[in-house]
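In what follows, a structure is listed as structure tokens, so that the remarks can point back to it.
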Amino acid sequence: MAKNVGVLAMEIYFPPTCEALEAHDGASKGKYTIGLGQDCMAFCTEVEDVISMSLTAVTSLLEKYAIDPKQIGRFEVGSETVIDKSKSIKTFLMQIFEVLCPSIIIRFSRIVSSFFLLDCSSWDGRYGLVVCTDSAVYAEGPARPTGGAAAIAMLIRPDAPIVFESKFRGSHMSHAYDFYKPNLASEYPVVDGKLSQTCYLMALDTCYKYFCYKYEKLEGKQFSISDADYILVQKSFARLLFNDFMRNASSADDIAKEKFSPFSNLTGDESYQSRDLEKVSQQVSKSLYDAKVQPTTLIPKQVGNMYTASLYAAFASLIHNKHSELAGKRVILFSYGSGLTSTMFSLRLHEGQHPFSLSNIATVMNIAGKLKWRHEFPPEKFVQTMKLMEHRYGAKDFVTSKDCSLLSPGTYYLTEVDSMYRRFYSKKDGDYTVCENGSLANGH
């Protein structure tokens, strides 16, 4: 049976266009940068979308690690951005394999994840490839600054430097209308902000409870956040320390116990709504946050909310910031999807061997270079772009400006949507230039 199944290599792509809305919106200083934890927000212009970002990320990953497409045996794509109600994003990406390797066979079953397939006797020796991509956009109003856009491609295989600890995980699902997209004529969601926050905290509590139960059952000792070197939680890390206090875990020291004591008799619902508890939790957990969470925040702060890509963008930030110190470390990740479904799981990190080493993954991703390459749009131009995107959403028979001057070489971009809604893409300065629903062609 395969051992040490996990992430062998990663690549991330985010648009080179970004914007800071705080001053334009007339918001108080720090409302977005501190309150939302977001310094800048990436967004797609008319020439980029989740398909182009995914094409760029996957092609870059395969080329930089010299992976023969014939060796990809499983391919998964995760997104909540609707481009077509029937034709999946994955089918667009298949064009890469059809050109590079016409005989490739991809297993489409989603019954089990790539991790588990490669960790069982049915594994045939090929790689798994996972893509997470989204463009998070909101209508004008208080939610608009919480957008973002990115695509992440990950290569999965045994003997990886980033190992999935499959025995430690906790999941929770339930029915809720906290965030949803019922109007398929618009890409904007319907959001119940207060309910969304409550659902998130409830899911975090439940997943952490099950995670701790499994750890303690298998390891014979109590788990607390002190047993994790880094914790990737999109928000409310402080809630985990309160959970440890309620469980009388070792991470809650005497100061934490004193501060949390007045809230010990709150019901779950009461604790979700308590601003006083939230404030105290953040104060008590600050030093732990700085050590365990802050190194994961670079890309989320600079790019914004990326939906399915958010968690792994945070993980990419950790590799970028701490790759030389991560060998032997445990990282806890919490993934939340509105509606709702959530999971908490664990990774163990090893340095690995070149080219599949943590240091080389950091080098190949080149996050600092990609952030430096970006261009900040004035707020007025961003608003104009959003209006154009609103007009183009679901439209047909139009040609984009094809302006790829801000894109780096190797980036895919949208050129046209024809009268039958078929989308066409090109690759800047690349070998595979014209990309249609059924073919890729050379000769840019």
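Each Cβ is built from the backbone N, Cα and C atoms, and glycine gets one as well.
According to TrEMBL, the features are:
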- Glu80: active site, proton donor/acceptor (ACT_SITE)
- Ser196, Lys235: CoA binding site (BINDING)
- 2-161: domain 'Hydroxymethylglutaryl-coenzyme A synthase N-terminal' (DOMAIN)
- 162-428: domain 'Hydroxymethylglutaryl-coenzyme A synthase C-terminal' (DOMAIN)
Rounded Cα-Cα span from Glu80 (active site, proton donor/acceptor) to Ser196 (CoA binding site), Å: 17
Between Glu80 (active site, proton donor/acceptor) and Lys235 (CoA binding site), the C-alpha gap once rounded to whole angstrom: 20
Neighbour tally for Lys235 (CoA binding site), based on other Cβ positions within 10 Å of its Cβ: 16
Confidence summary for the domain 'Hydroxymethylglutaryl-coenzyme A synthase C-terminal' (162-428), mean pLDDT rounded: 95
Local Cβ density at Ser196 (CoA binding site) - other Cβ atoms counted within 10 Å: 17
Local Cβ density at the residue listed as 'active site, proton donor/acceptor' - other Cβ atoms counted within 10 Å: 18
